[in-house]
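Novice: First the structure, then my questions, so here it is.
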Amino acid sequence: MSEGMRRAQVLLPFPGEGLFDYWVPEAVVPGQIVRVPFGRGAKLGIVWSLKADPSVPDERIKPVEAIWEGLPPLPEADRELLEFTARYYLAPLGEVVAAMLPPALRRRKREPRSKGRGEEGGTVPAGPLPELTEGQRAALEAVPRDGFSATLLHGITGSGKTEVYLRLVAECLAQGRQALLLVPEIALTPQLTERVHARFPSARIVCLHSEAPAGERSAAFVAAMRGEIDVVLGTRLAVFAPFVRLGLVVVDEEHDPSYKQFEGVPYSARDLAVWRARRWNVPIVLGSATPSLESWASCEAGRYRRVALSARASGQPLPTIELIDTAQTPAEEGVSAPLAQAIEATLARGEQALVFLNRRGYAPVVRCGHCGWVSRCPNCSVNLVFHRDDGRMHCHHCGYRETPPRSCPECGALDLQPVGRGTQRLEERLQALFPQARIARIDRDAVRTLAQWETLLEEVRAGRYDLLVGTQMMAKGHDFPSLTLVGVIGADAGLYAAEVRATERMFQQLIQVAGRAGRAGAPGRVLVQTEFPQHPLFRELAAHDYAAFAARTLAERRALRLPPFAFQALLRADDEALEPALAFLEAARTTGREIAGREGWPVKVFDPVPMRLVRLARRERAQLLVEGGRRPALHAFLERWVEALRGLPHPRSLRWRLEVDPLET
Ligand SMILES: Nc1ncnc2c1ncn2[C@@H]1O[C@H](COP(=O)(O)OP(=O)(O)OP(=O)(O)O)[C@@H](O)[C@H]1O
Ligand SMILES: [Zn+2]
């Protein structure tokens, strides 16, 4: 090859390991962004190492096409983040880097120009600072600032956790460093972005999430790499934003399952955020009114420190939570008399009420009153949900839609009825009860885009609605000052579910939705309709006693050796029929048991089973659980096992993937 060139490995976003050799100029260093010829086109990649693969002869190697010299190399800490992610989640490096490099950037032929904002941003804090509450002051004092530490900020709903984050960000910016703020949902980004902007008007802030325009995401990535950004705020994908002077990481609503990525590499952004903070040797604050039991247990084990904020910033008490026993006081078309009275009184005072029902659509199923036939999705093992807006039945899993038949397809009877209740039907019922009320329904059918959501948030705040009907979209993180009453309907679903985390999710959701009530001027009230008022979960809920819930549930998990007292991985396989999926998993089980037995690794390899939702989008799905009491042994096992799995024969139509720390088993 020509003078002044050497071979290097370049990491490309590629469904596989993604490491390929190219000729690069001698001066190139690891971390530099390059464009390389690949197949008939070109790809954007990262110079990974100056070592070369000796098995590939020189003459087969091509030179890189361009080096994006205006971009500093990706820092070693961030390259290690990619390596760690690949290792921990047993994913090929090429797939992990695909999660980092924004698609629009990868398509660019030429290097994006600098906007010439290279100097560090001044942080003259603007806007009047609210006087900190005593609790906030104490919390701020308790968060260590030097070096790595993980702090769980357990602050009750409305305690002003955001203000604590903002003060920490202020210090971080004052030192000329960068802050990373994660929120679980796109819907939560406008509120936080607005507050960060208002507090730090001269700071350079970017907001990263999957709905951000592609060009914006790619520009933000470049600016962050150049160190031209002070605050990166965003959803889980922002955990891969590049940094040059990271000084602080904040994960808000840290318990939220949305931090888990399901497509592609199944990573937990919360867990990666902790890793990142440790690698950069900076503090991380995990905030929540309802911490995950994982984080709670980490506090008990001394890995995280726990800091409590136990009063609301407004000085208001937490809302009272009352249970309505629907066995005693039946709910008429979903709404019991005490709830209806409470709504009426709230509306009469000119305050807002929210009725929470975590099920969208009109009715969860259409049923024949004569023979019992129910509407099923032809592609998935679920019922079709009737929607009133288009008069059709929808599959909430694969998107299939169908007009309901006039007569029963089984027996021909003209007796088809929508059964059960979703938000659309509840809205109808509430409108009938309160004809004067201005009702807004807030669910994924009514609010589809971020822009719609922002408009709606403004309208709710401005008092354009009296009564809100909403799913979990409404439950988290929002601050509606005039909302004083929350009614909860259909809350029992999670109570006796088989899922390990079902009651944890349910409790978190109830505390969160209850926490929307009475945040500002007037005290709040929460009414929960349930058939099981004696269940300990409801007693803990009524007492706002998260610690009691956590202690009881963790004791159960410890006794049953469930997470966080055991570590899990799930191997899933799907195919056009169930048999090949099960057969693949059976072979995987045999191999797995052999490996564990041979090495003496204390790892339990369970039998394959069909998944609860066995058929999804015309694919039949099965899974196999692997469990270990210690992470290192489990990981040693998984590494060896994955190697073996890659060699297992299977039909071409079969797909499999491994998920580490699955949330749902
Ligand atoms: N020190 C303060 N003085 C006055 N108001 C404050 C103070 N700190 C926060 N607030 C206000 O209290 C309200 C609740 O704060 P915030 O939204 O940060 O709560 P939170 O702890 O994040 O609650 P949640 O977990 O329910 O989202 C906001 O309206 C905020 O402006
Ligand atoms: Zn379907």
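Backbone N, Cα and C atoms are what each Cβ position is placed from, and that goes for glycine too.
Residues annotated as Zn(2+) 1 binding site in TrEMBL: Cys368, Cys371, Cys408, Cys411. If you look up TrEMBL, you'll see Cys377, Cys380, Cys395, Cys398 marked as Zn(2+) 2 binding site. The domain 'Helicase ATP-binding' annotation in TrEMBL covers 142-309. Per TrEMBL, the feature region 'Disordered' maps to 107-131.
What's the neighbourhood like for each of these?
Specialist: In the three-state DSSP assignment, the secondary structure recorded for Cys411 (Zn(2+) 1 binding site) is coil.
Cys377 (Zn(2+) 2 binding site) is surrounded by 24 other CB atoms, counting those within 10 A of its CB over all protein chains shown.
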Novice: Which of the binding-site residues Cys368, Cys371, Cys380, Cys411 have a Cβ less than 6 Å from any atom of ligand 2?
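Specialist: Within range of ligand 2: Cys380.
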Novice: Can you tell me the CA-to-CA distance separating Cys377 (Zn(2+) 2 binding site) and Cys368 (Zn(2+) 1 binding site), as a whole number of Å?
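Specialist: Cys377 (Zn(2+) 2 binding site) and Cys368 (Zn(2+) 1 binding site) have their Cα atoms 16 Å apart.
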Novice: Tell me the Cβ neighbour count for Cys368 (Zn(2+) 1 binding site), meaning other Cβ atoms within 10 Å of its Cβ, over all protein chains shown.
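Specialist: The answer is 21.
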Novice: List every residue in the same chain as Cys398 (Zn(2+) 2 binding site), at least 6 positions away in sequence, whose Cβ is under 8 Å from its Cβ.
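Specialist: Counting only residues 6 or more apart in sequence, the Cβ neighbours of Cys398 (Zn(2+) 2 binding site) under 8 Å are Cys377, Asn379, Cys380, Leu616, Ala617, Arg618.
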Novice: For Cys411 (Zn(2+) 1 binding site), which residues in the same chain are close in space, meaning a Cβ under 8 Å from its Cβ, but six or more apart along the sequence?
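Specialist: Listed in sequence order, they are Cys368, His370, Cys371, Trp373.
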Novice: Take the Cβ of Cys395 (Zn(2+) 2 binding site) and count every other Cβ within 10 Å, whichever protein chain it belongs to.
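Specialist: Its Cβ shell of radius 10 Å holds 21 other Cβ atoms.
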Novice: Among all protein chains shown, how many Cβ atoms are found within 10 Å of the Cβ of Cys371 (Zn(2+) 1 binding site), not counting that one?
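Specialist: I count 13 other Cβ atoms within 10 Å of it.
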